[in-house]
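As annotated in TrEMBL:
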type	residues	note
COMPBIAS	19-30	compositional bias 'Polar residues'
COMPBIAS	37-54	compositional bias 'Polar residues'
DOMAIN	83-133	domain 'HTH cro/C1-type'
REGION	1-54	region 'Disordered'
Amino acid sequence: MSDWDAVTVLRKKAPKSSAMKTESAVNQARRQGVAVDTQQKYGAGTNKQHVTTKNTAKLDRETEELRHDKIPLDVGKLIMQGRQGKGLSQKDLATKICEKQQVVTDYEAGRGIPNNLILGKMERVLGIKLRGKERGQPIAPPGKK
């Protein structure tokens, strides 16, 4: 069989799914009577990476029934007393627990939102319990109970 006898058939490729999403492709499909399902995605066409959800907005309004928990004032006082007992400033404590000074300030003033990881770090540095029933008690060194 020679090259002259071979037949080459050229066809258009089927449109990609991304091409089917364009407005002109949707309109063409409507003209042909094809069922078209369109839906608007939430937040589509906006350039927002972090969109606040409805629950976050409710919490920010801080109504009676829906409110952020705050650090109790007695825990804030324990942090302050433990820090002063060790001779640390707020900045020193913040540096030792790898947090910002503002976090320590908020916790001592009772404005901070409780985070068990941060409280655990503070307990280890200060050597006193800040959570549970035994608040204010010294932490026993590992191995001694």
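First residue shown is number 1, and so on along the chain.
Yeah, the Cβs are placed from backbone N, Cα and C, and that goes for glycine too.
Caution: TrEMBL annotation is automatic and unverified by curators.
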Average the per-residue pLDDT over the domain 'HTH cro/C1-type' (83-133) and send me the rounded value.
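PLDDT averaged over the stretch: 90.
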Per DSSP, what is the residue tally for the compositional bias 'Polar residues' (19-30) in helix, strand and coil?
11 helix, 0 strand, 1 coil
Summarise the domain 'HTH cro/C1-type' (83-133) by DSSP state, stating how many residues are helix, strand and coil.
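Grouping H, G, I as helix and E, B as strand yields 30 helix, 1 strand, 20 coil.
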